[in-house]
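*Asks:* In case it's useful when we look at the structure, here is the feature table from TrEMBL:
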- 48-73: transmembrane segment (TRANSMEM)
- 199-222: transmembrane segment (TRANSMEM)
- 234-254: transmembrane segment (TRANSMEM)
- 317-336: transmembrane segment (TRANSMEM)
- 348-368: transmembrane segment (TRANSMEM)
- 388-411: transmembrane segment (TRANSMEM)
- 468-490: transmembrane segment (TRANSMEM)
């Protein structure tokens, strides 16, 4: 009897608690309406919405990162120009700025999580093969990598590192977090197959929101990242990559400060704005009449300017062949890429040369990594004082690229974006250099490669030689950075 009285008392308490909540009938109707809306929205599948959110989110992060890095890089260039003609002050302004940022990038990322260093591509490929590495997809790793990568990109071409690899890792972490939100919203158990599909789509989003190229992002996720690629993942990757690339371009068009924000963490170093605007987006021009063609708004990030009537000379075909065979050997420099088409075997000396260069790069990098780990000083610094090691390496790289010194022979004032923009120039520099005063406009990017005491070919050869060992040394830095972009520029 006492137990029955206690149960009745509990029921009275529960009834009294529910009666004190305001508008119980309205709340029940609202809850029913929300359930109906969720059923209608998820009738086509919840994947569409989360893939859309993933693309939009990564586009916003990518554009915001580029905008912040561009302003900080422009501040560095302004400080170097306004410091005066005192050599010591110019050297300090050129070296201490990237050194401090790189040290902060290492210290900040390492203090939060040690898994944020590097590009994250090897770990992500391991996760896609079925190995569980929860720490590499944690949300605190996302924040550490965003801040650390931003500081790394502000260093510009001094450190000679990129953005592609870490951004693919960031996109994967965002996809993993959205996958957990999906299980919460749908009230389902965690599905490993759904998580794998989101990670595959995230790879395409990471590349698409850097270059604005969704098809390239899907091809990257197929050929480079995934050990096996299911057909059902095509539409997921392409849809998310298209949403991200489209949003990324719209942000560039709607940005009121076009011409100032750089790509991949770099701002144009030339005093004149680029005619192609920002991210390949052309600035709107006034049309004389309604019959005139409308200005181009969304274009390629790095737009080529080939002649339609005479696209290439017949003699250039020979050099295209050299580049093609060179790519088969030089591709080893970046990542192993399983190409579906077999490369025909032709005993070409150029192919042998490119293969030797690729093997030399791999040999030197592995030798340096082993030497750094075996050396007492560097091993101790990497174990206990990683920011100190970063300071020493970046100080050496910044000293080498000092413009009044060796930097004047390898266009060190150009940013990573300016490197690609200048190397995509369709004009012949060797003919422009003798007549630079009468033909070229002041501030053009190709003039950074022209030096009075060296030819264009000399500066390009010196650039290849110096960046070869500088890139190998930069890969030992314990900070968030990518290695695809330097390989693109080097190629």
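Cβ atoms are placed via backbone N, Cα and C, with glycine included.
Any TrEMBL annotation is an automated prediction that lacks curation.
Walk me through where these features lie, including what they touch and how far apart they are.
*Replies:* Distant neighbours of the transmembrane segment (199-222): 51, 54-55, 58-59, 61-62, 124, 127-128, 163-164, 167-172, 174-176, 229-230, 233-234, 236-242, 244-245, 247-249, 264, 279-280, 300-301; these residues of the same chain sit at least 6 beyond its ends, with a Cβ under 8 Å from one of its Cβ atoms.
Remote same-chain partners of the transmembrane segment (388-411), defined as residues 6 or more beyond its termini with a Cβ less than 8 Å from a stretch Cβ, comprise 87, 90-91, 94-95, 98-99, 102-103, 105-106, 155, 157-160, 378, 381-382, 419, 422, 448-449, 451, 454, 458-459, 462-463, 466-467, 470, 473-474, 476-479.
Sequence-remote contacts of a segment are chain residues at least 6 beyond its ends whose Cβ falls under 8 Å from one of its Cβ atoms, and for the transmembrane segment (468-490) they are 102, 105-106, 109-110, 116-120, 144-145, 148-149, 151-152, 159-167, 264, 333-335, 361, 364-365, 368-369, 372, 382, 386, 389-390, 393-394, 396-397, 400, 416, 419-420, 423.
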